[in-house]
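The next block holds one structure in the form of structure tokens; read it before the comments.
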Amino acid sequence: MSLLLLGWLPTGMTHQDPPSWGKPRSHRTLRCYSAEELSHGQAPPHLLTRSARWEQALPVALVASLEATGHRRQHEGPLAGTQCPVLRPEEVLEADTHERSISPWRYRIDTDENRYPQKLAVAECLCRGCINAKTGRETAALNSVQLLQSLLVLRRQPCSRDGTADPTPGSFAFHTEFIRVPVGCTCVLPRSTQ
């Protein structure tokens, strides 16, 4: 799967050293872009134009609709006091999957200015257990867990244009990274009976 993804990325985005298998790794220096080369600290257009087809990934595709409906919780941890809802079939027949699930979840927008795409929709499970389909109430007989999707992102980091250890103000280097993004929740058997 990784090979297929990397096949259509620009050469500058696919920098990977060959596996070392006991040999020392040679680390190539990433290009350091000056403030003049970047528009307001954004990634260079040539890295974004042939991007990793981000708009097709669920965490990216959901952002616009979440922003339109006002679901804006940025870079925070799980909600304090989140309660597992009571499932009432008559109330959720027309609802979205995440609201009808016996392991319901909500989405929030995570924003990271040093990541491209900067905004991602991430799922948060609403229950520790799962909802019993007969009673509509949470049961601890099952556990809600996040479903994770791997997503290739572009990271920016401060860099030095003059070769010193101190970063040059407004200058950045960019590298790719796979992250795991929660896209939903599902029910599983508990790992133990404790």
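Positions of Cβ are set from backbone N, Cα and C atoms, glycine also.
Disulfide connectivity taken from Swiss-Prot links Cys130 to one of Cys185, Cys187, namely Cys187. Swiss-Prot lists a disulfide bond between Cys185 and one candidate from Cys84, Cys125, Cys127; that candidate is Cys125. Sorted by the number of other CB atoms within 10 A, the disulfide-bonded residues Cys125, Cys130, Cys185, Cys187 start with Cys187, the lowest.
Cys187 (disulfide bond) and Cys125 (disulfide bond) are 10 Å apart (CA-CA, integer value).
Across the structure, Cys130 (disulfide bond) and Cys185 (disulfide bond) place their CA atoms 10 angstrom apart. According to DSSP, Cys130 (disulfide bond) is assigned to a strand segment.
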